[in-house]
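Novice: I'd like to ask some things about the structure below.
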């Protein structure tokens, strides 16, 4: 293939071409040191500088106030599902969860599996998880150590448009699939975490942003690698970090900064999503949006056609036209376009045109 | 710098130049698909093929018999230290450990931290961990679920030259720092694990080779991501794997195969290590080898000079001459040359020459 695919993968997902080209350029030799970034010690001054710079870039881009730690961890959001209750749920305390779909479910089920008490503060099960619960429906258990939300559900294609005010109860958000897609008031959150492989970089590193008061007085008799305190005290260098993944996150953050920051990302993301949602909404029912319009995600745009046969035909023709990753998640079927930060406007224009064209030929 | 550094880093460590150049070439576009390997779904046919091919390569190179699973995990050996007792130590069972130094200690201390019973089957503490215990000194507790050894201690620079026969007791080895440095009879082991960042690739992935009978009847109420059974059942695709690290391991394994396999690695490693150990042994006491000669590591070659001042001077001049990573581990001081598979003969020749030259100037 001579040109770039129209990459709508749900994750791992598209990376900015400029970032890939920069990474390619310096893969064999990093900053004139005669070695690749993959070959240097994590105790070297070069890696320590990269570690710090990446934290600083994220602070700047997200407007993270003082009093938060930024950790680079391994094991994906799936590991956070265990670490959060293991670290924060002391005996007698409850984990409150908003149940918005498959990822929220994995989070609270892991807490239950480990013997913790879990409270479902709100659920959109009655709506088949195709909308986000109203904020005023959320009932936080009085003994809650935290309220956990999944800010964006990649499978259903729903996204919190506003975040709940939780008062003194720490708000914890899994932002794996929408971090940095729009500005967020970090001060409302006690903790934000995200696997890198959607908006931050390649897979292999998970970012956790944790308010320092949460890091006090945590249990010490859990697996060392699952202790936030250990990673915080060691500035994410307790053991060998996933150096190359952190390096790639660094490049992606610089790319966001050079391209106008998170505000500019939001503007572009809204324009990109509008192209696809318009193609759905103007199709007179040929395309059926899955998520309730008020809960629609900027990142994962889900829709269906009248029959599975037609959907298969759509995917087949789309693949032939250079589109990748449009198949919906295997648990729900249908179609899904994941338009993360790095997916260019041009790809969304091409998809909207393809959708209109396909409709015309199949109506 | 116009040329490659003489990279003696302890880990992350040198990678073969040919591997880096290949990775560079296909970083932006993998196999003509219009995307980087970092941008594809872990459920794609391309990644599934990579996953399988990497397992097959490792099987072939190590001569892994049927009946073993190969897993790609995250969290480094440090996570294995917790996973091994959590998965294998049922109530009443004991974890036996051979204590050979800092890494062995981390392994058994993690088991103790998590409330498991630990038995020190042998220790070389009396020798300051500068030698491996005699095999006939190892006393395995009768209730042992396993005997755990650290096949190579990167800090002391010691290495098992032969492995113990443990009869019916499963033998588990942390081979993080010497996997693939020489042929090993895998059938003697119930489990071998290794963080990638020494002989396998960059950091970010840990390989576990587990005999299938060990995977039966494991506890289910431990964190999902720490369950071997989950990763085995899902062929290391339970959650998003560290795609790029696995890709790099794949390239490194191909490089080993193209360069004669593990037998050839051993030959070269012995020749490389001999260059340095000869420079030590022929120095008439100017250089003092740390490890007992019968326990010397092929991978981490540790030595001292008469004074810390002289050691500092050695490191400074070595750095100026293009050598990297020769400082001993911060916990023990002294000097250490890590000559993993990817460190070329030429680098070891240069170091041996530098050592002789430095000795001449400072005697």
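In case you wondered, yes, glycine gets a Cβ from its N, Cα and C as well.
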Novice: Given that TrEMBL assigns B:77, B:78, B:103, B:154, B:174, B:239, B:240 to the pyridoxal 5'-phosphate site, pick the one from B:55, B:197, B:216 that the record assigns to that site as well.
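Specialist: Record source TrEMBL; matching candidate: B:197.
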Novice: Under DSSP, is residue B:43 (L-glutamate binding site) part of a helix or a strand, or is it coil?
Specialist: coil
Novice: Going by Cβ pairs closer than 8 Å, show me which of the recorded positions B:198, B:239, B:240 neighbour chain A.
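Specialist: Sorted by position along the sequence, the hits are B:239, B:240.
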Novice: What Cα-Cα separation, expressed in whole Å, is found between residue B:198 (N6-(pyridoxal phosphate)lysine) and residue B:240 (pyridoxal 5'-phosphate binding site)?
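Specialist: Taking the Cα atoms only, residue B:198 (N6-(pyridoxal phosphate)lysine) lies 23 Å from residue B:240 (pyridoxal 5'-phosphate binding site).
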Novice: These are the binding-site residues: B:78, B:154, B:197, B:239, B:240. Which one scores highest on other Cβ atoms within 10 Å?
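Specialist: Comparing the binding-site residues B:78, B:154, B:197, B:239, B:240, the most crowded Cβ belongs to B:197.
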Novice: In whole Å, how far is residue B:43 (L-glutamate binding site) from residue B:174 (pyridoxal 5'-phosphate binding site) when you measure between their Cα atoms?
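Specialist: Here the two Cα atoms are 30 Å apart.
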Novice: Among all chains shown, work out which of the recorded positions B:43, B:77, B:198 has the most CB atoms within 10 A of its CB.
Specialist: B:198
Novice: Please list, in sequence order, the residues in the chain of residue B:103 (pyridoxal 5'-phosphate binding site) that are at least six apart in sequence and whose C-beta is under 8 Å away from its C-beta.
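Specialist: Residue B:103 (pyridoxal 5'-phosphate binding site) has long-range Cβ partners B:77, B:150, B:153, B:154, B:155, B:174, B:176.
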Novice: What is the total of other Cβ atoms whose distance to the Cβ of residue B:174 (pyridoxal 5'-phosphate binding site) is within 10 Å?
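Specialist: A 10 Å sphere around the Cβ of residue B:174 (pyridoxal 5'-phosphate binding site) contains 27 other Cβ atoms.
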Novice: Just checking the binding-site residues B:78, B:197, B:240: which sit within 10 A of residue B:43 (L-glutamate binding site), CA to CA?
Specialist: B:240
